[in-house]
Amino acid sequence: MKTLLNRLGVFRLLNLGVVEYLDLETSVRIQLSNLVAILGIFSNIEYSIFFVIAGAPHYLIMNFIHVLVICSLILVFYLNTRGRYFVSRILLVFTISVPLFCVSTISFGTSGGFYYYFLVFAIVPFVIFSYDEKGWIFFVFLMNTSFYIWFEFFGSPGVFEKGTLLYYKEVQDLFRINSVISCLSFVALFMFYFLRNINRIQKEMARINDHKDRIFSILAHDLKGPIGTISTYLGYITNSLPEREELLFGLTELKKSTNQTYLVLENLLDWVRNETQKTQCNPKNLNVSSILKNALDLLSIQAKDKGILWETKVSEDHFVYCDERMTATVLRNILSNAIKYSHPNHKVSIETEKNANYMEIRFQDYGVGISPDLLAKIIEGKRFDSGFGTAGEKGTGLGLLVCKELLTEQGGSLQVTSMLTEGTKIIIQLPLAD
């Protein structure tokens, strides 16, 4: 069924006017407006055919009204694509209500039960307007309720020419049954779609709350430590006159703390950008050796303190076609993790290999390794709580997740293999330069 609707272009029509920067609630209201317009177009086509077959009085006038309604509903789609959402909704509620009042007054009266649709139309504003537009909700609800009351208590049956199908009460009853079934079906469809999207909104809210908690956790723990260290050393330097050796030691610690803070903030910002779909990829030709050297320089103090030996086999003539900021972030994260989870005075190997369609960069450390459960989460791109490094370093749990997302954004990939106590091997693949 879903495939059939997709082939008919129904899903595409439902999403006309829905763009990335809109929040989920607004997107749902636009989709519901489009749904009402789709149902309105099909209903008007259906009844136009029925009226001709059944010999409805003034059917030419009524079908002309149907054509105007269909054109107006198509205009609703157009307005949504142009971002004129409020105007589109106003046009929609008048397009579905006023023509029905005219058709019922001209021809059918209370026969056929077409005025039952006013009860459905009275519900429509509650699902397509926001609470801030409550004045319009009340007005449209009152208008349709008044139309229904008028026909129910003051209306008269239609007069039909003898010999036509509508002249017979049995046929009028069939139209009435069809009206009841259609109204109930429309209400059920609206409610089902609305409940489905309420579930989507609830999941989105849960995701946002989870992200908020993760950000607060990072701010409270992973940034508090380095910034506290910076504050302590600055206070010590400004309140005393340290010897040269002490001063150099303090400045080294300051640089290490600022590098750590920078990496945490970079990961946090990249993660937030990706989650809000505001990441911009600007690829260009990059020298692999150069960007690797920059990343190693940034982490040189951490590596030196831990006695990490870099074993590099990187060709000077290897180039990739990538976004420089994204690629630098990926390399810094992988190298930072290699330092963090390696034992003191161990080596970390880095090598590159050029293949037919991509550049492969391999990182191998011989540290604590990754547990199978944690490795599965990394491969699936799920968030996880990072463990402590071999010297008690604390991570955010975002590093490899950010790497995977940034590489995917650039047409690259990330592969991780690991065994506990034996180390971790990470392979990234990046598009080759032209």
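Using N, Cα and C of the backbone, Cβ positions are placed for all residues, glycine too.
Residues annotated as transmembrane segment in TrEMBL: 35-54 (among others).
Cβ atoms under 8 Å from those of the transmembrane segment (60-79) belong to residues 13, 16-17, 33-34, 37, 40-41, 44-45, 47-48, 51-52, 85, 87-88, 91-92, 95-96, 99, 102-103, 106-107 of the same chain, restricted to positions at least 6 beyond its ends. Marked as transmembrane segment by TrEMBL: 60-79 (among others).
The transmembrane segment annotation in TrEMBL covers 86-108 (among others). Panel annotation: around the transmembrane segment (86-108), residues 17, 29, 33, 36-37, 40, 56-59, 61-62, 65-66, 68-69, 72-73, 75-76, 79-80, 114-115, 117-118, 121, 124-125, 128-129, 133, 136, 140, 143-144, 147, 151, 155, 158 of the same chain, lying at least six beyond its termini, place a Cβ under 8 Å from a Cβ of the stretch.
Feature annotation from TrEMBL assigns transmembrane segment to 114-131 (among others). Same-chain neighbours of the transmembrane segment (114-131): 25-26, 29, 32-33, 36, 89, 92-93, 96-97, 100, 103-104, 108, 137, 140-141, 144-145, 147-148, 151-152, 155, 175, 179-180, 182-183, 186-187, 190, 194, counting only residues six or more beyond its ends whose CB sits under 8 Å from a CB of the stretch.
Residues annotated as transmembrane segment in TrEMBL: 136-154 (among others).
Residues or ranges marked as transmembrane segment in TrEMBL: 174-195 (among others).
Look at TrEMBL and you will find 218-434 tagged as domain 'Histidine kinase'.
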For the transmembrane segment (35-54), sequence-distant contacts whose Cβ falls under 8 Å of one of its Cβ atoms, 6 or more beyond its ends = 10, 13-14, 62-63, 66, 69-70, 73-74, 76-77, 92, 95-96, 124, 128, 164-166, 171, 175, 182, 186, 189-190, 193
